[in-house]
Amino acid sequence: MTKEEVEEEPLSPMARLFQSPGIENCIITMIGFKAKINPDIILDDLKHNVSKHPRFCSKLVIATHTNYDGERWMKTKVNVEDHVFVPDIDLQEINKDGDGFVDDYVSRLTLSPLDKSKPLWDIHILNVKTSDAEAVGVMRCHHSLADGMSLMSLLVACTRKTSNLESFPTIPAIKRREQMMSHRFGNKGWYSRSINAVYYAVRLIWNTIVDLLLLWATSLFFKDTETPISEGIGSGNNARRFYHRTVSLDDIKLIKNAMKMTINDVLLGVTQDALSRYLNQRYGDKNGEGVTTTSNLNNLPGKIRIRAGVAVNLRQDIGIQPLEDMLAKDSKCRWGNYDSLVFVPFSISLETDPLVPLLKAKSIMDRKKHSLVAPMHYSIIEFIINTFGTKVFNRTCSNTTTILSNIVGPVEEVSLHGNCITYIALTGYGHSQALMIHFISYANKMIITIAVDPAVIPDPHNICDEMEKSLKAMKDTLSGKSD
């Protein structure tokens, strides 16, 4: 054993979950650039910096010689050339269809497992022009290394402001809403404050109990309705395809401020409305009606149960964090997987008023925020994995329809080694659902990325179309009311 291969660390419970058979989740980050990528610059940077990040210079080993039998992280020497791939691209062969080439290339990655004999990440440099970039960099890493927020903090640490290439990107301070709730009744008398505090506590306990019972039922038998976006789902090992769309973050903020809600509420409302209309189209096609997405004909069944697992960041400090703080020992904004899932029911129906889905989404999320199910779900997972193993959790996600995630990205345009980034699209594969939706804010943009099982959802661009239409209808309705 070499000197570099002496430090071992057991996997965290969440890392063990992501490594378990039948899950094997990986995160893919696609980054568009305004100019071609120089592979030599990327390789040189990795040689100097990869050793600073413990998970990116550690491989997975099975330890049987210590007090802990099982998988562990072992620090090892990294040969970066083994992790960076630059495929030869015949521009005549792809016939200027750069988007199709990138889509096919990344889809093939989902069928190629990461090599566990070395650190679980790789980078693919695709110097091909697409509709929104001159080149695309694809980073793939196993979910056991980190969650999306950790990876975003790592990416931001590697970039500089495009407006000033000597300056690090701005890292905005984001406070949890819960931290401000103590001031909610500050101007009222002690009696009113006491009554409200008791009512608040009772609601919190009740909501938590109900959510825990629903979580338990979901892990055992409580399934979503089989719909065109979930029927015939096979294994999480099936090939996945990815599609992204860029919309205006300013439009989302306009709706957020006008409706007095959060960005997450707006995104949930847009997704709920878009999936309703997409499902209406799919049911129409299935019934032979041949409806278009603009049709008012309601083809939806009477009752549909669709739930989304919404990712919740459990760190005390949310948003992008300085990388050195995340890597520090006992950090409150620690590196790794420190998030949970809250299962949110969707109201699937065709609404004539574009604002109704927003109000429904806000009502649902307000109740979920007034519950301790997210941190308790995380603690329960840790306890059961440490006690019984990981198999029990395979069913919880497979009994729901989709997963949603929203990650805060750079607040201004940034560059990597002087090459301006046009978009950041983060997604994943290995999950059992046929649909996963990620949102990432970048400067004044919101990038929507959809991961699908093409055997179940052959037209993911139609979902993005419906999301754009929903967002525009909501904005136009609010603009009309303000005139």
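Each Cβ is built from the backbone N, Cα and C atoms, and glycine gets one as well.
The topological domain 'Cytoplasmic' annotation in Swiss-Prot covers 1-203.
Annotated active site, proton acceptor per Swiss-Prot: His143, in sequence order. Taken residue by residue with DSSP, His143 (active site, proton acceptor) is part of neither helix nor strand, so it is coil.
If you look up Swiss-Prot, you'll see 204-222 marked as transmembrane segment, on the strength of sequence analysis.
Sequence annotations record features per position, and here Swiss-Prot assigns topological domain 'Lumenal' to 223-483.
Annotation comment: Swiss-Prot describes Asn394 (among others) as N-linked glycosylation site.
Here Swiss-Prot flags Asn399 (among others) as N-linked glycosylation site. Its own atom aside, the Cβ of Asn399 (N-linked glycosylation site) has 19 Cβ atoms within 10 angstroms in the protein chains shown.
Cβ neighbour count for His143 (active site, proton acceptor) (all protein chains, 10 Å cutoff from its Cβ): 24. Averaged across the topological domain 'Cytoplasmic' (1-203), the predicted model reaches a pLDDT of 83.
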